[in-house]
Amino acid sequence: MEGAGGANDKKKISSERRKEKSRDAARSRRSKESEVFYELAHQLPLPHNVSSHLDKASVMRLTISYLRVRKLLDAGDLDIEDDMKAQMNCFYLKALDGFVMVLTDDGDMIYISDNVNKYMGLTQFELTGHSVFDFTHPCDHEEMREMLTHRNGLVKKGKEQNTQRSFFLRMKCTLTSRGRTMNIKSATWKVLHCTGHIHVYDTNSNQPQCGYKKPPMTCLVLICEPIPHPSNIEIPLDSKTFLSRHSLDMKFSYCDERITELMGYEPEELLGRSIYEYYHALDSDHLTKTHHDMFTKGQVTTGQYRMLAKRGGYVWVETQATVIYNTKNSQPQCIVCVNYVVSGIIQHDLIFSLQQTECVLKPVESSDMKMTQLFTKVESEDTSSLFDKLKKEPDALTLLAPAAGDTIISLDFGSNDTETDDQQLEEVPLYNDVMLPSPNEKLQNINLAMSPLPTAETPKPLRSSADPALNQEVALKLEPNPESLELSFTMPQIQDQTPSPSDGSTRQSSPEPNSPSEYCFYVDSDMVNEFKLELVEKLFAEDTEAKNPFSTQDTDLDLEMLAPYIPMDDDFQLRSFDQLSPLESSSASPESASPQSTVTVFQQTQIQEPTANATTTTATTDELKTVTKDRMEDIKILIASPSPTHIHKETTSATSSPYRDTQSRTASPNRAGKGVIEQTEKSHPRSPNVLSVALSQRTTVPEEELNPKILALQNAQRKRKMEHDGSLFQAVGIGTLLQQPDDHAATTSLSWKRVKGCKSSEQNGMEQKTIILIPSDLACRLLGQSMDESGLPQLTSYDCEVNAPIQGSRNLLQGEELLRALDQVN
């Protein structure tokens with residue numbers, strides 16, 4: 001039993017010793033291995049602080065890479081470096097805008113420069129010996145393998161196999177925008193422009209003695225240049241660089257001004273144009289592929305290409321393009337390009353595109369351009385030379401025809417003074433009814449003929465606070481439009497007869513009156529002395545000269561085709577609008593054709609009844625002499641009446657008219673009541689009651705306040721008939737106080753309007769006033785005011801037409817009654 005137990009103890013001791021020896025041997029091997037790796041690490045061309053911290057795998061990886069590089073370098077024909085080249089080696093990497101990377105045919109990075117940390121954030125020792133596929137974008141692996149492949153097939157004669165490589169590679173970057181380093185797991189993709197070539201190294205020269213032939217060594221040597229983002233460009237751009245922005249279809253949306261100095265283009269002429277229009281044709285394929293890579297990988301560098309200049313030739317340009325993405329939806333928004341012009345304009349006399357021919361070819365002048373230049377020349381040309389030029393170009397004659405909408409300027413060839421003609425053309429009085437008269441003295445006659453309003457005459461408003469008898473409600477009805485108050489009509493000439501030299505001289509010498517009271521018409525001196533027409537001219541100043549072109553009518557105009565007025569009653573006869581024909585036919589002397597209708601009236605009265613006229617003239621002259629100068633203040637400003645349309649509306653809208661029947665078309669406005677006449681005669685006794693009623697002063701009188709005689713007179717006037725030889729007057733004015741013989745009431749060529757103003761007075765009893773109205777061609781009336789704001793009834797053309805006097809004198813004052821009435825008035 002004891003022997004068996006001792007044997008077991010010996011076995012245990014021997015196994016423990018073997019295990020210990022095995023552990024010691026393994027420890028010895030590891031220590032030796034560590035020593036070998038330590039020695040190997042120190043054999044690598046690395047700094048001591050780096051090599052001392054390498055693990056075994058890193059030492060093996062770096063050693064293998066070093067051996068491959070050594071093999072690569074031994075295969076090449078390397079010159080012996082002198083001291084100068086050794087000193088310059090440190091500047092090569094600084095001159096490069098990237099790092100150097102050497103790849104094997106299987107993608108291992110056997111060499112990478114130490115400045116890779118500056119661009120990618122990863123150190124040289126972390127990348128050397130690793131596969132490039134571990135640090136590149138998965139979408140770029142296929143392209144990377146294609147770039148590493150070297151085809152050894154047969155090459156066509158005259159062609160060498162292309163070993164140049166240029167591609168874009170997205171690689172992991174641990175650098176932030178602020179230059180800090182992040183974890184490799186949080187790295188972003190950075191686009192590298194890799195350019196280089198494939199080297200094939202034949203190692204048969206170092207063939208061992210055993211006779212084994214090694215395959216040639218293939219490697220790809222690249223210079224990797226990262227593309228900076230436009231927002232991170234630190235170096236300021238020089239004068240040979242310009243910025244541009246494009247849409248996704250590569251059309252210009254912005255361009256820097258420096259392109260004008262470099263290539264001749266203006267930034268405005270490039271907007272909206274595609275950049276493909278300015279590429280050289282030989283570089284279009286390369287740039288098309290580059291743009292495809294830009295949209296795929298986000299950034300590209302075009303390399304050097306030719307871009308056409310404006311006036312011919314081209315320049316070499318290198319562009320860095322970056323796709324700008326929307327921060328909200330990460331969709332591409334635009335493209336920003338940094339263009340580096342690396343040369344001047346080459347072959348500037350050579351044309352490569354149609355855009356360059358626009359600056360070389362002369363523009364063809366069309367006939368339209370020639371005609372424009374012909375008429376816009378500053379120097380004046382003779383009309384004969386102008387005709388010769390137009391004759392040589394018949395196509396240009398069509399441009400002389402006026403088109404629709406062209407302004408036609410009438411030329412005045414009567415004057416030789418150029419300056420005065422220009423001034424007249426500048427001051428032609430257009431629409432003088434609303435414009436001020438021209439200050440030019442040469443245009444005074446034109447203004448007088450064109451303007452219906454006198455220059456110093458200001459239309460008074462209809463409503464006045466100084467009128468106590470004005471009803472506010474009536475004023476509102478009678479003043480719908482203030483513009484109608486500014487319209488006026490003047491009396492046209494009776495005949496189109498050339499004025500006498502005396503008339504012409506009078507018009508030229510006499511200035512335009514400042515007020516209507518200064519209006520006057522001139523007659524013979526004997527008639528002035530006999531009738532004292534100065535008072536009449538101021539009382540009834542009526543401009544008989546045609547100044548309104550719209551109201552001027554020819555007396556020979558036949559108005560037979562106009563429809564006559566047909567009332568609803570059957571007691572009216574149809575008659576024609578034969579204006580002033582009896583007046584013209586009865587004129588026997590040249591003086592009767594004068595524009596002054598008042599003179600004609602006086603002349604006709606003298607011819608028809610010499611005896612009665614003498615009596616009337618004597619009575620009228622005596623009465624007019626009694627008028628004192630202080631009573632002339634009662635004569636107010638002459639204000640023209642509105643149009644007959646307004647008068648008709650006012651007539652039909654009278655509120656208290658005695659003819660209020662809706663079916664009666666002969667209703668006339670209200671007449672002034674006795675209260676107004678009483679107030680007038682009490683305030684100014686023994687004075688001529690020659691008054692005019694303005695449109696704003698018409699008052700409404702109830703029917704019960706009207707005198708029965710006035711009602712009888714108005715009813716009689718409604719029933720009168722029109723004679724075939726009676727004259728129709730479209731405008732009525734207040735005439736002078738004249739007496740008409742009773743015998744010639746039917747044969748007189750002028751129809752007189754008589755209105756009787758009756759009043760009952762305690763002292764004088766019943767008084768009658770006869771107002772004789774002078775005929776005119778237009779609807780105008782004389783409006784005036786007295787000191788006590790009273791007035792006479794208003795007579796319109798409507799009253800003249802309907803209430804014309806008839807034969808018979810049963811309603812007219814005759815003989816002594818007329819003289820008595822005149823005495824009472826005065």
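Placement of Cβ uses the backbone N, Cα and C atoms for every residue, glycine included.
Note that the coordinates shown come from a computational prediction; the quantities given were computed from them, not determined experimentally.
Going by Swiss-Prot, these are the annotated features:
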type: REGION; residues: 1-401; note: region 'Interaction with TSGA10'
type: REGION; residues: 1-30; note: region 'Disordered'
type: REGION; residues: 21-30; note: region 'DNA-binding'
type: DOMAIN; residues: 85-158; note: domain 'PAS 1'
type: REGION; residues: 170-191; note: region 'Required for heterodimer formation with ARNT'
type: MOD_RES; residues: S247; note: phosphoserine
type: DOMAIN; residues: 302-345; note: domain 'PAC'
type: REGION; residues: 380-417; note: region 'N-terminal VHL recognition site'
type: CROSSLNK; residues: K391; note: SUMO cross-link
type: REGION; residues: 401-603; note: region 'ODD'
type: CROSSLNK; residues: K477; note: SUMO cross-link
type: REGION; residues: 494-520; note: region 'Disordered'
type: REGION; residues: 531-575; note: region 'NTAD'
type: MOD_RES; residues: K532; note: N6-acetyllysine
type: CROSSLNK; residues: K532; note: ubiquitin cross-link
type: CROSSLNK; residues: K538; note: ubiquitin cross-link
type: CROSSLNK; residues: K547; note: ubiquitin cross-link
type: MOD_RES; residues: S551; note: phosphoserine
type: REGION; residues: 556-572; note: region 'C-terminal VHL recognition site'
type: REGION; residues: 576-785; note: region 'ID'
type: MOD_RES; residues: S576; note: phosphoserine
type: MOD_RES; residues: S589; note: phosphoserine
type: REGION; residues: 642-688; note: region 'Disordered'
type: MOD_RES; residues: S657; note: phosphoserine
type: MOD_RES; residues: K709; note: N6-acetyllysine
type: MOTIF; residues: 718-721; note: motif 'Nuclear localization signal'
type: REGION; residues: 786-826; note: region 'CTAD'
type: MOD_RES; residues: N803; note: (3S)-3-hydroxyasparagine
Tertiary contacts of the domain 'PAC' (302-345), defined by C-beta under 8 angstroms and 6+ residue spacing from its ends, are 166, 195, 227-230, 233, 237, 240-248, 250, 253, 262-265, 278-280, 282-283, 286-287, 290-291, 294-295, 351-353, 355-356, 359-360
Just how many other Cβ atoms lie inside 10 Å of the Cβ on S247 (phosphoserine)? 13
According to DSSP, does S247 (phosphoserine) fall in a helix, a strand, or coil? coil
Arithmetic mean of per-residue pLDDT over the region 'N-terminal VHL recognition site' (380-417): 58
With DSSP, how much of the domain 'PAC' (302-345) is helix, how much strand and how much coil, in residues? 0 helix, 29 strand, 15 coil
Provide the three-state DSSP residue tally for the region 'DNA-binding' (21-30): helix first, then strand, then coil. 10 helix, 0 strand, 0 coil
